[in-house]
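> Handing you this structure, nothing more for now.
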Amino acid sequence: MNAIEIRGLTKTYSNGVEALKGIDLTVQQGDFYALLGPNGAGKSTTIGILSSLVTKSSGSVSVFGHSIDNALEQAKSCIGLVPQEFNFNQFETLLQIVVNQAGYYGVPRKEALQRAEKYLTQLELWEKRNHRARELSGGMKRRLMIARALMHEPQMLILDEPTAGVDIEIRRGMWDFLREINQQGKTIILTTHYLEEAELLCRNIGIINKGQIVANTSMKDLLATLNVETFVLDLSAAADSITLSGFDWRQVDGSSIEVDVAKEKGMNPVFAQLDEQGIQVLSMRNKANRLEELFVAMMDSAGEKTA
Amino acid sequence: MSAAVNYIALKSIVRKECTRFMRIWVQTLVPPAITTTLYFVIFGGLIGSRVGQMGGFSYMDYIVPGLIMMSVITSSYSNVASSFFSAKFQRNIEELLVAPVPNYIIIMGYVAGGVCRGLLVGSIVTLVAMVFTDLQFHHVGVLVLVILLTAILFALGGMFNALFAKTFDDVSIIPTFVLTPLTYLGGVFYSIAMLPEFWQWVSKLNPVVYMVNTFRYGFLGVSDIPVLPSVIMLLVMTVVLFLVILNMLKRGVGIRS
């Protein structure tokens, strides 16, 4: 069974903005799926429709086989939503927030209190359980929303920019946690602006732009389409004295250069030419994350087509 | 969803609502007690002693039911209006909207919260009134029925207001420009029988007149308006408003894009 099946989904807001122009999307059960796209592409609208916060204009959506048209309550029960914006009552305590949320899904209070301890502990918030939500840091608020989304133990977690504004240490902790619950069988859909995050965590990926799906494939297959990568090389000599034939390259600073390397050429010819000139490569790194390069290229290409 | 699941959801909303107004008791419970104490002292005691009798009772006894009713109306209405609008404003209404909670449970939960606050404030005002006068209870059944229906009706009114409201100003406009005039002109401080015939007719267009008078009947056994038609009118208005709000929630008015 698929976790999500979307067919011909459209959404036109009352102000006339056409946010979705008939998208088709399938996410398999147990997947860790990235939904990427620039701001205003339609990611949040898609998530809004899945979680019933936004009303669709046309098309069909089913969640674990439950159509949102005729089995909305069952579909809702399968989803735990972690929205982009903080959407809890800032004056309530953490315990009140998560226990109430469980109650809305019919979880008895006694059980809800046990689950609250489990998830708040896992997300390192149990010590803060009697604090008001407004007293938390940004990272803690994000983790609170994850704990809240898990309280009814849904089959699928949808996270809309879950690590925005979170420091790297906490972000890595959240990645580990998400990997772990995905390995336990929970389907995860993630939108993020940190493409490194999507590349590290997700197996499959959908890219949405201007209300249309422009790619829906596995992360591995998508990255395989990347033909050219840009590397930054730190050299042992002044960069303005070198020559490199057969490659596009630029000087970055006194002793660093950027080189565009096609996949079929590889790096060896670069090293060989530098070696011939008696120049050592002290260190080397990707200029950008691979997915980021692809993403930018795809968005540029889409922009040219519509220009 | 099963009845048991819905019941747990309903209890969760009511608990959340009651916790909210109890947490801010200085804003929600104390002001009505102080305001009505001032009413009792000034209108009931100082001015009332010069007014003499009204409807065969001392002025203090005459205004007590209306003042209790007024505090219940204001508290029930403002509890739901401010709580539901705050939930929209802070977006925590989404906690409910993403959950499999039927719309009628959402309405019942918020209304129950408003009714709880309304009745608690009504009880406080009644206790304050007992300091100033010996209350008599002519018909407890009518008292309970009318106060309950009124609290439900105005809690629904608060929700209707909050659904449409886009700013905090929108939440205060109705209480200031509609609710307060209707209550003050609703026979709390005078018998509408004192008015010229035309203004008596105009007063009978004000639903608060029916509520105050029927409630007064429960205390004193006198009313400017027949009791049964008033109760029926209250019931009809409550059912109609409930159905209107149910339809608004179904269409997502004010809460979904």
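Backbone N, Cα and C define each Cβ position, glycine as well.
For reference, TrEMBL lists these features for the protein:
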{"type": "TRANSMEM", "residues": "B:21-42", "note": "transmembrane segment"}
{"type": "DOMAIN", "residues": "B:23-252", "note": "domain 'ABC transmembrane type-2'"}
{"type": "TRANSMEM", "residues": "B:62-85", "note": "transmembrane segment"}
{"type": "TRANSMEM", "residues": "B:105-132", "note": "transmembrane segment"}
{"type": "TRANSMEM", "residues": "B:138-164", "note": "transmembrane segment"}
{"type": "TRANSMEM", "residues": "B:171-193", "note": "transmembrane segment"}
{"type": "TRANSMEM", "residues": "B:227-249", "note": "transmembrane segment"}
> Quick check for me: are there 3+ Cβ pairs below 8 Å between the transmembrane segment (B:171-193) and the transmembrane segment (B:105-132), leaving out pairs under 6 residues apart?
no
> Which of B:21-42, B:62-85, B:105-132, B:227-249 has the most Cβ pairs closer than 8 Å to the transmembrane segment (B:138-164)?
B:62-85
> So what's near the transmembrane segment (B:227-249) in sequence-distant terms, Cβ-Cβ under 8 Å and 6+ beyond its ends?
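Same-chain contacts beyond the flanks: 103-104, 106-107, 142, 145-146, 149-150, 152-153, 156-157, 159-160, 163, 207, 210-211, 213-214, 217, 255.
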> Hey, which bits of the same chain come close to the transmembrane segment (B:62-85), Cβ under 8 Å, at least six residues off its ends?
17, 20-21, 28, 32, 35-36, 39-40, 43-44, 48, 54-55, 93, 110-111, 113-115, 117-122, 125-126, 129, 133, 135, 147, 150-152, 154-159, 161-163, 165, 168, 170-171, 174-175, 179, 183, 186-189, 191, 208, 211-212, 215-216, 218-220
